[in-house]
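Data first, discussion second: the structure below is written as structure tokens.
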Amino acid sequence: MSTRKTSDREKNEKIRQLREVTGVTEQQARSALQSNDWAVDRAINAFYEESAYSSNTGSSHHSSHHSQTSSSSSSSSSLSRFDRKKIEQLWPTYADPRDTSKMNLDQLLRFISDLKFDPSDREILIFCWKMNASKQGELQRNEFLHGCQDLQCDTLDKLREKIKQLNSEVETDNEKFKQLYIYTFNFARSSTSMKNLDVQPGM
């Protein structure tokens, strides 16, 4: 049973995937992957276990205090009811003028900017995860409407605060971290597969 050597191109792609999920530096990602035979899932699991250990030991008091404040703020915000019409009216502002069933990359970047996030922020991965976006650089109308309804967010302000809250919860909630990891890993792998189909070497 022969083992295939990982090419530099594959290594760079694995580093990119690991950084997207964990937010570590390129050097940290390379080191973690080298320690785990360039297996992204193993490197992620190692990072996840280390993060879980750190959160349970170093910041348990802060975490419990944060969760209490988060729950109290979320309970108060939940008193305002979700209005689906508001989110349906918001959609045309960002829809692709040539195909209103989706946001293209330009509209999506404008939406992210109006949410006051940077495209490189982890919050954007969380947004895509909660919208269940199926394609990078694109968001379907039904994904947006269903995602906002699931989050009970009918304004940009509510959506921004909810994503920030989820970003904090991912740090301490092991189950949410796993869900985000699985979504992001498959999302990145799907995008890579599409690129490989688009560009065939030697053709």
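Glycine residues also receive a Cβ, built from the backbone N, Cα and C atoms like all the rest.
Residue ranges 93-120, 149-176 are listed, and TrEMBL annotates 149-176 among them as coiled coil. Helix, strand and coil content of the domain 'DCUN1' (82-203), in residues and according to DSSP, is 84 helix, 6 strand, 32 coil.
Mapped onto DSSP helix, strand and coil, the compositional bias 'Polar residues' (24-35) counts 10 helix, 0 strand, 2 coil.
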